[in-house]
Amino acid sequence: MQLTSFTDYGLRALIYMASLPEGRMTSISEVTDVYGVSRNHMVKIINQLSRAGYVTAVRGKNGGIRLGKPASAIRIGDVVRELEPLSLVNCSSEFCHITPACRLKQALSKAVQSFLTELDNYTLADLVEENQPLYKLLLVE
């Protein structure tokens, strides 16, 4: 299964925020500079992450964005469920003649659930804590 760029960059934004020293805020511009993503795309991602409670946005002169929960409380599987459209096949099409007997959707659904269950074993903290090579690449030591 390949994640959409929306989910990919959502996870990367969370990784960046989790890599920062505790309490440090960042900005959407800073995140887009680190990953070379369009600002408009990142604004949409951060808005969805904010609505889901993964990111807190603070307005004003000293505002910015930061994690909305501790990194140890953010399960990667939950983030993927929030950001990723998980329907792998469109079985509602009237043009598919095998829909009444097809078992593909069920098989793919089970595969997606296995994928998400495995991702549920990891938190954001698992990906960033004590990861010096990551900090060097993100320049956040």
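Just so you know, glycine gets a Cβ as well, placed from its N, Cα and C.
Taken from Swiss-Prot, the feature domain 'HTH rrf2-type' covers 2-129. Regional average pLDDT for the domain 'HTH rrf2-type' (2-129) in the model is 91.
With a cut-off of 8 Å between Cβ atoms, the residues of this chain six or more beyond the DNA-binding region (28-51) that come close are 5-6, 9-10, 12-14, 16-17, 57, 65, 68, 79, 82-83, 138-139. Positions annotated as DNA-binding region by Swiss-Prot, on the basis of similarity to another entry: 28-51.
According to Swiss-Prot, the [2Fe-2S] cluster binding site annotation covers CYS91, CYS96, CYS102, on the basis of sequence analysis. Using a 10 Å radius centred on the Cβ of CYS91 ([2Fe-2S] cluster binding site) and all shown protein chains, the other Cβ atoms total 14.
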What is the number of other Cβ atoms found within 10 Å of the Cβ of CYS96 ([2Fe-2S] cluster binding site)? 12
Using DSSP, tally how many residues of the domain 'HTH rrf2-type' (2-129) sit in helix, strand and coil. 71 helix, 11 strand, 46 coil
Using Cβ-Cβ distances, find the residues under 8 Å from CYS102 ([2Fe-2S] cluster binding site) that belong to the same chain and are at least 6 apart in sequence, listing them in sequence order. CYS91, CYS96
